[in-house]
Amino acid sequence: MGQETEINKRYQVAKERYQAIGVDTEKALKTLKDIKISMHCWQGDDVKGFLNPDGELTGGIMATGNYPGAAHTPKQLRQDLEKAYSLIPGKHKLNLHAIYVDTDEKVDLNEIEPKHFTPWVEWAKEQGLGLDFNPTFFSHPMFKDNYTLASPDKEVRDFWIEHGKRSRKISEYFGKELGQTSINNFWVPDGIKDCPIDRYTPRKRLMEALDEVFAEKLDEKYTQEAVESKLFGLGAEAYTVGSHEFYMGYGITRDKLICLDAGHFHPTEVISNKLSSLALFSKGVMLHVSRPVRWDSDHVVIMDDELIEIGRELVRNDLLGITNIGLDFFDATINRIAAWVVGTRNTQKSLLKALLEPTADLKKMELENDFTSRMAITEELKDFPFGDVWNYFCEINGVPVGLDWLKEVKAYEEDVLLKR
């Protein structure tokens, strides 16, 4: 009771300080509670999945480390996810990849059906979660010569076209069963290691293959598709078919969401600067919040400048309504549940920081060229008691405050993870 009283006292002081500059903390907390983060399942097992967990991870990505306790079964993964969600304020979504089938049947990617994901749906209902989806265009023998949908081999293309079509039905099933729109994100790692002669033809093949995948009209109440670009991957350093320009053109002309992954661009290029432009011309955005360290390394999201800027862009420009926020990182050198908790809570914190700005006043100052006041206030805000508002948010949502969550993760590691 003592800690609760202290948290509440500190919040009341913070509330008054923010009120003095025209910020309503109660409104900010209500807005934050309604924002769902799509937490990715693949942090829990280092992107192995359950279709062929002993196979090679391909597609130009890499999970490094060998921290004990990775999930080996759907049941273990769900158990770990439940622990993570219990430490994160609010109700959210889970982002599944197609390789995370939960079935006793022997199925391939071009054979998957909604029934192979029914245990995930039943679990999501119990937990009050939504489900997003991703077809898996990697870690499979039909990922041939670094190509899937853009392959010159029709047999390879047809296999992956069928996989894409089936993934749409699964995403639709999620939306119908759970009453939340399921975002189905298409990332295709096709590319070439060294400089190609023909950049045009593979892109034409990819465009035509995607058109075939998306030919059937599905109700967007249940599922919406996003398309995700990438600059390069391991083994595809010189050329990736699905570049930013390709998918921006494809998404805008085909009425698809544009997925921006924080690690899929040049090292000095940031996705925060792209959001306002995409908001003007595209249907909407799917975010993969990640942290690239010199390349698309998929480090756990920390409270760095870019994460703060992403939050600001979404809030300042009123883009939350057209943005689906997902996470994409996988670090096998640390406790995987801690990775989820740190990344998700940090993403929420970045949004709260932005929600606690006097945005309308700052915009007015900027419009009137009062850059002095703009600078003074934004700098002073850095010393405002944001942490007290965040702690109160955790408290009223029934999750651990401060580092208390780490104690629970350590205990879970001792009781569960180290016994696997």
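For all residues, glycine too, the Cβ spot is worked out from N, Cα and C.
Site annotation (Swiss-Prot, ligand Mn(2+)) includes Asp296, Asp298; from His264, His266, His288, the additional listed residue is His264. Ranking the binding-site residues Asp296, Asp298 by how many other Cβ atoms lie within 10 angstroms of each Cβ puts Asp296 at the bottom. Taken residue by residue with DSSP, Asp296 (Mn(2+) binding site) is part of neither helix nor strand, so it is coil. Counted within 10 Å of its Cβ, the other Cβ atoms near His264 (Mn(2+) binding site) come to 25, all protein chains included.
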